[in-house]
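In TrEMBL this protein carries:
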- 530-540: compositional bias 'Low complexity' (COMPBIAS)
- 222-463: domain 'ABC transporter' (DOMAIN)
- 205-226: region 'Disordered' (REGION)
- 522-555: region 'Disordered' (REGION)
- 678-695: transmembrane segment (TRANSMEM)
- 707-728: transmembrane segment (TRANSMEM)
- 749-776: transmembrane segment (TRANSMEM)
- 788-810: transmembrane segment (TRANSMEM)
- 815-834: transmembrane segment (TRANSMEM)
- 846-863: transmembrane segment (TRANSMEM)
- 902-921: transmembrane segment (TRANSMEM)
Amino acid sequence: MIVDNLFSQEFEADKNKTIIECPELECSCYKSRLLCGEGGSLDLTEWFTSEDGPHGPGKFICDESIGSNGITRNCLFTEDNMNQLISQFFGDSYITLSCPLGGECMHYTEVPGYERPEFKQGFSLEVILLLSASCLGLLGVVFGSLVCIKKRSESSGQYVAVGSGENFRTEEEMMAHHLPCTIMFRNTSYIIDTNLKVSQELLDNNDTDSDNSESIGMAPRNQGNHLLSKPRQKQVVLEGIQGIVRPGQVMAIMGGSGAGKTTLLDILARKNKSGVVSGDILINGSFMNYGHYRDIIGYVDQEDSLMETLTVYETILNSAMLRLPKTMSLETKKGRVQETMAELGILHIANKRIGSAGNRGLSGGEKRRVSIACELVTSPSILFLDEPTSGLDSYNAYNVIECLVGLARDYQRSVIFTIHQPRSNIYALFDQLVLLSKGRIVYSGPAQQEVIDHFADLGYNCPLGFNIADYLVDLTMHAANSTKNSTEENDVVVEATPSLQSPFSATRSNIREQQESLLYSPKNPHVGEINNSNSNFSINATQEPRPTTPGPNPQTVSDGLFVKPYLTEETLELINGYSNSQISKDIQETIERQLLQAYPNYTASELENVRRRNRHGPSLNLSSRSIFSHFTSFLENQFSPGQTYNRAGANLWDQFKILSWRTFINLYRNPDLLRTQYAISVIAAVSCGLLFWKLDNTLAGFQNRLGVMFFISALFGFACLSSMQAFASERLIFIRERANRYYSPLMYFVSKVFFDLLPLRVIPPVILGLICYHMIGLQPEPDVLLRFLLVLVIFNVTSASCCLAISIIFEDQAVASLIATLIMLFEMLFGGLLLNKATISPAFQWLYSISFFNYAFEALIVNEVAGLTLVEEKFGFKVPGALVLQTFGLNAQGYWGDVKNLGIMGGAFLGVAFLWLQLFVKERR
C-alpha cells in the first residue's frame with residue numbers, strides 16, 4: 001500500500017483500489033441541472049454554501065475488480081452532510097457511481113457546465129512584430145559576429161613581414177629541437193594478397209622455401225596461366241631494397257612507371273600499408289618505434305589537399321601553429337612561416353586564396369609549393385616527398401629541389417623523394433640515388449660519378465650530351481620490355497604484313513631500333529655471363545626458350561605461392577650486376593656494422609625481438625587487436641602530456657581553437673550553404689503561416705496541425721542532408737593531416753560538429769518557429785512555444801548527426817546520399833502519421849522506437865493538442881485532445897520522454913560518427 005495524506009492505492013492480483021481523501025470541500029450548483037433547479041425541481045444552491053453543507057472531510061473511493069462477468073468498476077463518494085442528504089432523498093448511504101471506463105479524473109473541459117471560451121487566434125500584430133524583431137535581432141547577432149570575425153581574421157591572417165632578428169631566433173629555435181638522422185634500410189620488401197587461394201599441395205611443397213627471397217625473383221617455369229588462378233597467392237611488389245641517407249643529403253628514388261617508387265617511399269615513411277612489409281629501417285644505426293619515428297618525419301603527398309577558402313599564409317600558419325613546439329612564441333612561428341615562404345618563392349602570393357576548379361586561385365605549381373611549405377615549416381629531421389616537382393615547370397622544379405637541398409645541408413636534414421626523369425641540373429643536386437625496375441633494385445648508392453662508373457662497368461655507357469637521369473630510367477624500361485633476337489623476328493613480321501606498314505613508320509621503327517641497340521646494349525659481351533655465373537638466379541635453368549613468334553612479355557609469373565613481376569634477362573643482368581658490386585656490399589657492411597655497434601651483446605633471437613617491437617607501423621587489421629586496446633591507444637594519443645623529441649605541438653584546447661577558427665572562416669568565405677539554410681527557413685515559415693493561417697479547434701484544424709507538424713519535421717529532416725558535405729568535402733584533407741599528426745581526431749570532430757550544429761542546425765529552426773508559430777495559430781502560451789522550439793532544435797541536431805555519421809561511414813558520396821535519403825524516408829514512414837501505431841503489426845512496432853521522426857512528431861503534436869478540446873462542428877461533439885491523440889496511437893503524456901529519446905539518438909549518432917572516424921577513417925596505402 002502506498003500511503004499519502006490525501007491519496008492511497010491498494011494493488012492485488014485481481015483488484016485495484018484508489019482512495020482520495022479531501023480534508024476540505026467547496027461545492028456549488030450548476031444551474032438547471034439535477035438538484036439545482038432542473039425543471040423546477042429541488043435547488044440545493046443555498047445549502048451547498050450553508051454551515052450544514054458539504055464542507056468536508058470527504059472521501060472518494062474507486063474499485064476495479066475482475067470477476068466472472070468481466071471487469072467491474074464502481075466508485076462512491078462519502079461526506080457526512082452529503083450522506084445525510086442522499087439518505088433523506090434517495091435512501092442510499094452515499095453517492096455511488098458505475099464507471100464503464102476506468103479513471104477517476106477528467107479534463108476540466110469535460111466537467112458539466114464548462115463553457116468553451118471564444119477561440120483566440122494565436123496571430124496578433126503585436127506578437128508577430130515582436131517575434132519578427134527577435135528573429136531579425138538573432139540574424140543581426142549572427143551576421144555581426146561574422147563581420148567581427150572577418151575583420152579579426154583579416155588582421156591576424158594577413159601576412160606581415162617579420163624582422164631579420166626574429167628570423168635568427170626562429171633558426172635557433174628550430175635547431176634546438178633538431179635531431180640529425182641517418183636513415184638506413186635493407187631487405188625492404190612488400191607483399192600484398194591477390195585474393196587467390198593456393199592448393200594445399202603447393203603449400204606443402206613450398207613450406208620449406210616460401211620465405212626464400214630467391215624464389216621471389218625467379219623467372220617463369222613455363223607453368224602456364226592456370227597457376228595464376230590458384231587460390232590465395234601473394235603478389236610481390238618490392239623485394240630486397242637497400243640504401244643509406246645521412247644528414248645533409250638528399251636521396252632521389254627513380255624508375256619507370258610501376259617500378260614501385262611511391263610504394264618504397266611509403267614504406268620508408270612507415271605509412272599504413274594494406275600488405276606485409278618486411279626488412280629493416282634504422283635511424284642512427286638502431287631501430288626506432290613507430291611513435292618516435294613519426295615525430296621526426298614529414299611527408300608531402302603527390303596530390304595537393306588544401307582548404308580552398310584559406311590564403312597561402314593562413315594555410316602554412318595553421319600547420320605551424322598546430323605542429324611546431326608549443327614552447328615557441330606566436331611571433332617565432334610567424335617568422336618560421338615567412339622563412340619557409342621565402343625559401344619556396346611564394347611570398348608574393350602569401351595573401352592569395354588557394355581556390356578551386358570553379359573559383360580560380362593558385363596555379364597547380366603554386367599549390368604544390370604550398371603543400372611542401374606546410375611540411376617544411378616544421379623543419380623535420382627526415383622529409384619524404386612524393387613527386388615534389390609534379391606540375392611544375394623546369395625553372396620552378398629546379399627551385400623546389402634546390403630549396404630541399406639547401407634545407408638538408410643548412411639544417412642537417414635527411415630528404416628522400418621520388419622523381420620522374422629530372423633534367424640534368426636537377427640531377428646534379430642529388431647525393432644518393434635509388435633506381436628501381438619492377439620492384440627490384442637496379443642501383444642504390446652515390447648519385448654522381450659513381451653511378452656512371454657502375455653502369456659503365458656493366459657495359460652501359462651514357463653517351464656524351466645525354467641526361468644521365470633520362471638514360472638510366474630509359475635503360476631500365478628498355479631492359480624490362482626487351483626480348484632476345486627481337487630484330488630478326490620483327491623483320492619477319494614486317495615482311496609478312498607489308499600492308500600494315502607504311503614506309504614512314506617502318507623507317508621510324510628502324511631508327512628507334514638502331515638507337516636503342518646503340519644506347520642500351522652492353523658494350524662488354526661477357527658482362528651477362530659474369531653476372532649470371534655469380535648470381536643466385538640461374539636464367540638458363542629457369543627460363544624456357546622464347547617462342548619464335550614475337551609477342552609482348554607477360555606482366556607476371558607465378559611459382560604457385562607468389563605472383564611476381566616478370567623479369568627479362570636484361571633486367572636480371574642489371575639487378576645481378578648491382579648485387580655483386582662493391583657499392584652494394586659497402587652498404588650492406590655499413591648497416592651490419594651499425595647494428596653491431598647499437599646492439600653489441602644481442603643474440604639473433606634478441607635482435608629479432610627488438611625488430612618485432614619496432615615494426616613499420618600500426619596494424620590495419622582490427623580483428624587482430626581488441627577493442628579495448630584501440631581505446632587505450634586512443635586515450636594515450638588524445639591525453640598524453642607530451643610527445644617525444646620535443647615536438648609536442650598544440651594542446652587539445654589550442655587545437656580546438658585553431659580548427660574552430662579554420663572551420664568558421666571556411667563557412668564564412670563559402671556562405672552559400674549558410675544563406676540558403678536561412679532563406680529556406682524564412683520562406684518555409686512564411687509559406688506555412690499563410691497556408692495554415694489561423695487554425696481553429698475543429699477536427700479539420702486538428703488535421704492541419706498534424707500536417708504542419710509533419711511538414712516541418714520533413715523539411716528539416718531532408719535539409720540536414722547538407723550536413724553530409726561538412727565532412728565529405730574534407731575527407732582527404734583530414735586523412736592527410738591526421739597521417740601527418742596535425743591534430744587529434746577528437747578536436748577535429750568537435751570543431752566540425754560545433755560549427756555545423758550552431759549556425760546551420762540550431763538557428764534555422766528557431767527562425768522558422770518564431771515567424772510561423774503565431775501565424776499558424778498554435779497555442780499562445782510562452783511555455784508551449786519554448787517547448788515547440790526545443791523539439792525542433794533537438795530534432796534538427798539529431799537528423800544532422802545521422803547524416804554526418806553516414807557521410808563518415810561511407811566514403812563514396814553518391815552511396816552515402818542514397819543511403820541517407822532512404823533512411824529519411826523510412827524514418828518518415830514510421831513517424832506516426834503515415835502508419836497508425838495502434839493498427840500496425842506487433843512485429844514492426846519496434847521500428848517506431850528507432851525513428852527520430854516518430855519522437856519529434858509525437859512531441860510536437862502532444863505539446864500542441866494535449867490541452868485542447870476539439871469540436872466536431874456538424875454534430876457539436878466536444879472531443880478532448882488527449883482522446884484524439886490516443887486514437888492516433890500517440891501518447892498524450894509522452895512529451896518529455898520523446899525529447900529524452902531524441903537527445904539519446906542524437907548523442908548515439910555522434911558517438912558512432914566519432915568512433916568510426918577514430919578507428920577507420922585513416923590513411924591506407
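In case you wondered, yes, glycine gets a Cβ from its N, Cα and C as well.
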Q | Stretch with greatest number of CB pairs under 8 Å, the transmembrane segment (678-695) reference, 707-728, 788-810, 815-834, 902-921 candidates | A | 707-728
Q.
Below 8 angstroms Cβ to Cβ, which residues of this chain, lying six or more residues outside the transmembrane segment (815-834), approach it?
A. 706, 710, 713-714, 717-718, 721, 724, 728, 799, 802-803, 806-807, 809, 847-848, 851-854, 856-858, 861, 888-890
**Q.** Long-range Cβ neighbours of the transmembrane segment (846-863) (under 8 Å; 6 or more residues past either end)
**A.** 705-706, 709-710, 712-714, 717, 784, 787-788, 791-792, 794-795, 798-799, 802, 826-828, 830-833, 837, 885, 890-895, 898-899, 901-902, 905-906
Q.
Quick test of the contact rule: Cβ under 8 Å, at least six residues beyond the ends. What residues does that give for the transmembrane segment (788-810)?
A. 712-713, 716-717, 719-721, 723-728, 753, 756-757, 760-762, 764-766, 768-770, 773, 778, 816, 819-820, 823-824, 852, 855-856, 859-860, 863-864, 898-899, 902-903, 905-907, 909-910, 912-913, 916-917, 921
Q.
Let me spell it out: take the transmembrane segment (707-728), skip the flanking residues so only those 6+ beyond its ends count, and list any with a Cβ under 8 Å from a Cβ in it.
A. 673, 677, 680, 684, 688, 692, 695, 734, 752, 756, 760-761, 764-765, 768, 776, 792, 795-796, 799-800, 802-804, 806-808, 813, 816-817, 820-821, 824, 827-828, 831, 833, 853, 856-857, 860-861, 864
